[in-house]
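As recorded in TrEMBL, the features of this protein are as follows:
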type     : residues : note
TRANSMEM : 26-43    : transmembrane segment
DOMAIN   : 30-561   : domain 'Major facilitator superfamily (MFS) profile'
TRANSMEM : 55-83    : transmembrane segment
TRANSMEM : 95-114   : transmembrane segment
TRANSMEM : 120-142  : transmembrane segment
TRANSMEM : 154-176  : transmembrane segment
TRANSMEM : 182-204  : transmembrane segment
TRANSMEM : 275-297  : transmembrane segment
TRANSMEM : 303-330  : transmembrane segment
TRANSMEM : 342-362  : transmembrane segment
TRANSMEM : 468-494  : transmembrane segment
TRANSMEM : 506-527  : transmembrane segment
TRANSMEM : 533-557  : transmembrane segment
Amino acid sequence: MVEGGVTTADKTEFTECWKTVWKTPYIMRLAFSAGIGGLLFGYDTGYIKLILDRFYKLILSLMLHLETIVSMAVAGAIIGAAFGGYMNDRWGRRVAILGADIVFFLGAIVMAAAPNPWVIIIGRILVGLGVGMASMTAPLYISEASPARIRGALVSTNGLMITGGQFLSYLINLAFTKAPGTWRWMVGVAGIPALVQFVLMLSLPESPRWLYRKDRVDEARAILEKIYTAHEVEDELNALKLSVDAEKADEAALGEGMIAKVKSALKNRVVRRGLYAGITVQVAQQFVGINTVMYYAPTIVQFAGFASNSVALSLSLITSGLNAVGSIVSMCFVDRYGRRRLMLVSMIGIIFFLVILSVVFMEAASHAPKISGIESAHFGSNSSCSAYLTATDAPRWSCMTCLKADCAFCANAASESLKFSCCQTGIDIYFLHCQFHPGACLDSSKVVRGECRAENRVFFEKGCPSKFGFLAVILLGLYIISYSPGMGTVPWIVNSEIYPLRYRGVGGGIAAVANWCSNLIVSESYLSLTEALGAGGTFLVFAGISTISLIFIYFLVPETKGLQFEEVEKLLEDGYRPGLFGRKKEQSKDQVEST
């Protein structure tokens, strides 16, 4: 195979992956230990929902936005990713992971002992610093310690850990929904994976490629001998020598130091092309809205019309489980079909289901039950929503209008009877013909909620009853299935292998910062967008951005499946044409003649 040439898909690549790690368990030990870093972030996205519920009233009284609480970890991650890039090149991948574990553990302890939201914010910034450092270091460490033929599957373990952490947090949240003080234990438990990873990484070596760069050739050889066969070790060492010699030549011309290295990276055509691809996929990963969907999954489910917190959490558990299954699918196919193909197919599915979700939520909003003055008066003026009582357009209010006024909707008792009657027909007539009668717009206090439920009514605080609710949850699941195998894991794989060795820390750090900045923008604006445009309009915005992202991925991202790191560098240097596989299809005269 010529460098940058086409690699034929091997149907046994996933089998080869497991054969390799079975024969060489040391490889899986490296990948699993580093991949625990993904579990830190995944678990964090789940338990924050319980914190928001616990401090909801106090947060509002302090004039803090819910998005701000969520986004503090992301803001910390931006700084952590930027500093992590420097740490990776200066002190090594292993030291960066150990530092991330220490900072994350301290953040978890601070949040668990927090007496008020301000202390939680400090803890979440610390947690974010750790997550940001680990997010770009773990895939890089795994990538540099993996044979090229199974590199994608092994780096996917980091994505599996992220989705597994989300699933675990929802499972624990569901099990202890009503237990007092549980949120502190959930936050404190988040520090356990960091502690476990810290202990495991103490017994593991530094990345062999980083060691070679630091002239610790014997140590690098010893590690490579545990990963590769004898003849492959020599090939790896020869390739490393060429890359390191080129790096030292650059440093001699431009000088040492991080600023000099960043300037050198931006002037280097190969690195720029790598950054075009790496930043594109990282930004696209966030602007499809997935992390925000996972942060607010229970809220979205309630938007779909499911009022019970336990039901919402149960359905969110299913969606997070699908996300984890998708990561396993990625491990199976990323080294067979390639990174680029998985991302393109994933983006097409994401766009399709976002558009359909948008239509469903818009329909649900337009068919929201009306507000009845008689029903509201039934509970008395003290229990009714004050905004509704003073509104000049009160006769036109619906359940959605009521919720936007920070009030709650108490369903009409006749609606619940009608729902039961329709469901008894057994032919889905409920979803097609059943309509909810006008209900009451009430204050959202705990006392009023009890008054509503005392009459066997359903109290909706974050969503309205809808015949489209179940369909919305199904589509949400399909959206996650489309996202997880492609855009969920592949961007981190691409960024772990697309930069030259001498710029891998800098390039990965820049792309990770772009990822976390995008995450911050999306998470900080999601609830505000929902209030302004509705859930349907917000999903439509994400669909539009995803379409633009699809175009950028098509033109800027090459295929790196099965290539050695040095071959990826040669591919970027020679250039590539857009196509389904994205790899320049060239053969030398000698190769053509030999065939």
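Any Cβ shown, glycine's included, is placed from N, Cα and C.
For the transmembrane segment (182-204), the neighbouring stretch richest in Cβ pairs under 8 Å, chosen from 26-43, 120-142, 342-362, 468-494, 506-527, is 26-43. Here the transmembrane segment (506-527) sits against the transmembrane segment (120-142); at least 3 CB pairs are under 8 Å, leaving out pairs fewer than 6 apart in sequence. Mean pLDDT of the predicted structure over the domain 'Major facilitator superfamily (MFS) profile' (30-561): 80. If you count C-beta pairs under 8 angstroms between the transmembrane segment (533-557) and each of 26-43, 120-142, 342-362, 468-494, the highest count goes to 342-362. The largest share of C-beta pairs under 8 angstroms with the transmembrane segment (120-142) comes from 26-43, of the ranges 26-43, 342-362, 468-494.
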